[in-house]
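*Asks:* I am attaching a structure below and will ask some questions about it afterwards.
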Amino acid sequence: MRRIFTTNSISIYHKHGRSKPSLLLLQQSTNFISPLTSNSQIHHQSSSSSSSSSNPNDHRWLGLIRLESNSNPTSVNQPHDEFSSDVEKIYRILRKFHSRIPKLELALQQSGVAIRSGLTERVLDRCGDAGNLGYRFFVWASKQPDYEHTQEVYKSMVKILGKMRRFDSVWALIEEMRRENPQLITVQVFVVLMRRFASAKMVNKALQVFDEMPKYGCEPDEYVFGCLLDALCKNGSVKEAALLFEDMRVKFTPTIMHFTSLLYGWCKEGKLTEAKFVLVQMRASGFEPDVVVYNNLLNGYAVAGKMADAFDLLDEMRRKGCNPNAVSFTVVIQALCGQEKMDVAMRVFSDMETSGCRPDVVTYTTLISGFCKRGKTEKGYELLDRMIQNGITPNQTTYLHIMNAHERKDELEECLELINEMKKIGCFPDVNIYNTLIRLAFKLGDVKEGVRVWNQMESDGISPGIDNFVNMIHGLIDQESLVEACEYFKEMMGRGLFSVFQYGIMKDLLNSLLRAEKLELSKDLWSCVVSKGCELNVYAWTIWIHALFAKGHVKEACSYCLDMMEAGVMPQPDTFAKLMKGLRKLYNRQIAAEITEKVRQMAAERKITFKMYKRRGERNLKEKAKAKKDGRKTRARRRRWGSAKAGSI
């Protein structure tokens, strides 16, 4: 491992929001495409355009249109302050007792932790993506005397519940706020909810939030409308955003932010013609493009591979006095790296420095990524040394690309040494880096190391996300550590991280258990899925029933099929056909008749035809008599193959 230069540790700051308290939450059931691999953002700054906002002092617009990464935003380096020890103590209690409410409440009561303003926000942040853990604490804290949730806590819960897609609970929360303490309801609460709906591709629900705001005393303004456009455009609903923009132009005066959102959305979709039309509309409305607008259009060209147009746009920016910034050059460099034109990318990098534009951490990270993806790890290290020498501190994403290069070569020791180098400069591993280590450890068959890395991640104050759990469970399955895999799967469910998107890992685990003839353990796992209140649609039931059937457990599969129908879920035709085939072999016509009758009833209630089920299933139920030599099959064979061959059969 080569040595790298180090700098002083980075200071980490944390801000606690404070606002007026509120009353208790109603008890709910507990059951621009960014090619840049960094967390940098393009901010709208007043210096870039005098018309950047209808209100120059309104900083709510900052960061509205930005290039951002897919990295997990969970803080990996919480400050050690008056809250630290209490936060960790509460988090350990939540992890241990989250599925046993009475014991959880008793443990929290006896913890000796004094609930106070600022602590709840830190606990929710510590829980990360584990929404159930945060929700348990939120409900418990609501019951404590002399404590009321702040506005920031409510906003955090809206975000957490929205991420878990428990939108009914979100509306119940807002309803209670309106009933008990309406002054706590601000536009930001609705902005968070709109963004959650937009990210879930629930456009109509996002629009409904916008329409419902006046009922809660919040009148939408240009800012809120801009946030809605921004959310839709960032989540692949730019067509709907464009229609909404045209419909609302009379009510809301278009701003440069509205146009920039639409430009970003069309560029993200690769629709450059539509993006240019937005640019024409923008100029017609009296707005000249600023560097942010140009960067979004530049990214559109780069993503589409139109590098000649991208370079022409850079020249146009200079001619019009809008000098390209670090983001402008980085967008071009990223596109060139994607085309494996590393020599040209380095020339653009040199041109950037020559023009007086100082490269930032994203620029260096982009180049490091480009070289590492092509196996040129040494060149990546050279750039890492160079950026540190120039006073630019690498971030987790910078190191992640180098680590991924080591992962491709199965170099676990180098990855671990790189983490030590990171810590020397005050850059601590995040969930993505730990994910790489876990994945590599299991790839090399080192279960103990994988578990050690997981425990280290938890002790470092990082809440595991969905990807961490999925990699951990897959690794344990591959190493045939099925009991341990079940425990992590249950933990994932308990933290509220299991959803329809994780049905794949459930299928793999159930099939592995049944292949290993661990029927009782697989039944126990399914019982946990049901008891935890996880979303069980027809696909979840089908995975379980088909897994049982495939391993010869026909009676059990039929029993769970009846349970599924009792829960109001109708089996698919293929499931019905499989069960009928299995029951025919078992000569169990009684259960077959019971399932058939229930399916008939459900089909009638839903006003759908039973013919498909009958065609696929009932024919398998009938005992086929031995083929009679009535001459039909023989004549058919003779017509097809000729009489000589047919006669020899």
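The first residue you see is number 1, and the count goes up from there.
Glycine too: its Cβ is placed from the backbone N, Cα and C atoms.
Residues or ranges marked as compositional bias 'Low complexity' in TrEMBL: 38-55. Sequence annotations record features per position, and here TrEMBL assigns compositional bias 'Basic residues' to 625-642. Sequence annotations record features per position, and here TrEMBL assigns region 'Disordered' to 37-57, 619-649. According to TrEMBL, the repeat 'PPR' annotation covers 150-184, 186-220, 221-251, 255-289, 290-324, 325-359, 360-394, 395-429, 430-464, 537-571.
Could you place the listed features in the three-dimensional structure?
*Replies:* Below 8 angstroms of C-beta separation, residues 151, 154-155, 158-159, 162-163, 165, 167, 170, 174, 177-178, 227-228, 231-232, 234-237, 240, 244 of the same chain, each at least six residues beyond the ends of the repeat 'PPR' (186-220), sit close to that stretch.
Shown for the repeat 'PPR' (255-289): DSSP residue counts in helix, strand and coil, namely 27 helix, 0 strand, 8 coil.
Counting residue by residue with DSSP, the repeat 'PPR' (290-324) contains 26 helix, 0 strand, 9 coil.
For the repeat 'PPR' (325-359), the residues of the chain that approach it from at least six positions outside its boundaries are 35-36, 40, 42, 67, 291, 294-295, 298-299, 302-303, 305, 307, 310-311, 314, 317, 366-367, 369-371, 373-374, 376, 387, 390, 392, judged by C-beta separation under 8 angstroms.
DSSP assignment over the repeat 'PPR' (360-394) gives 26 helix, 0 strand, 9 coil.
Mean pLDDT of the predicted structure over the repeat 'PPR' (430-464): 92.
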